[in-house]
């Protein structure tokens, strides 16, 4: 649903820019704000609601209907923010839920499948949006939340949620349904191991203070913050929101059709990433993805530098006119294979259950802030410093990301959630022992 909104923004931003909708007269800055409002919301509601009861769905249908019929810009802002809240809750809970129910052998692939569905929504908007009216697009979107709600009624609850609330019998029932297990004794044995880890984690309070000020979570917090900065400061959603406008900068590329090609490539990349996620591992995919994204953005930036600043002759530009399309498509593929979705998986893998919901909500809120800043500043930076500056800034973040991933991000491929927590705790225990040793040495020196 939320990626439908991003695809929609690329079309609507163009319409507003060209004054084709007949709406919101005089608000020329609307084209800068709407892509930001789609993805900016109070996503911390998920930390209050928790991941129980499958998914909490706000009335997206009614909100989309507001957008369909309103002619007042402020109402659209409010509706978009409320849709962002609903989408944010879904984004936080979905990945937590999938990582908790999936076997370790398919957890990465299942997480990547979320990206495939997101890309499918974007492709639908790219393929339909440019060729139908504004009202038709929004009418289509009003039906999606209804279908979503009906499907969610049949989804079983996460066993971890029941164990967290000390409901072993309910956890066993859901576990046997999810795993397709017929042997009750085997299910009980496996759940006892999980319950031991859950109880150990739940001994600590699941508060924001616990998350940010407890030493045992500090390394994980730093890793997730770094991954979120890398995921959003490379400009993926800004590029997607302004896709048609970017391609219209090139004389030989048609905006609407280029967007459709972009959507198909994005879809194919998501499908390919699903097969690779549990084959190569998280780290290597993110490193390759990051480096490829950096090179692709650098090449696109170079084209706009030659066009806007170096002002090379028209014949040279004509020969290079396909560079923006190829560069953005390459960015799209490489982004989808790694940094586009793996950080979502890792934020649900690395945190223990007692702080997982608070941590995932906080990470998503950070993503909102970063995404808002990038999407809102994109047009202004482009106007002030040139298009090449924007792309080179995104590329710089990606180059730094390669170093960050290599130095700090652990591998979680092929490990259960319990094994991942054991690894993270081992690092914490090692640091505690080192600090104690250093403290003892200092005391002996003073005495």
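Note that Cβ sites are derived from N, Cα and C of the backbone, with glycine treated the same way.
Note that the structure is predicted; figures quoted are calculated from it, not measured.
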| query | Can you check which of 190-210, 358-378 TrEMBL lists as transmembrane segment? | reply | 358-378
| request: Could you check which of 34-52, 53-71, 110-128, 167-185 is flagged in TrEMBL as transmembrane segment? | output: 110-128
| message | Let me check one thing: do the transmembrane segment (390-409) and the transmembrane segment (221-243) come into contact, meaning three or more Cβ pairs under 8 Å with sequence separation of at least 6? | response | yes
| request: Tell me, please, if the transmembrane segment (358-378) and the transmembrane segment (110-128) are in contact, taking contact as 3+ Cβ pairs under 8 Å between residues separated by 6 or more positions? | output: no
| field | Confidence summary (mean pLDDT) of the domain 'Major facilitator superfamily (MFS) profile' (1-413) | value | 76
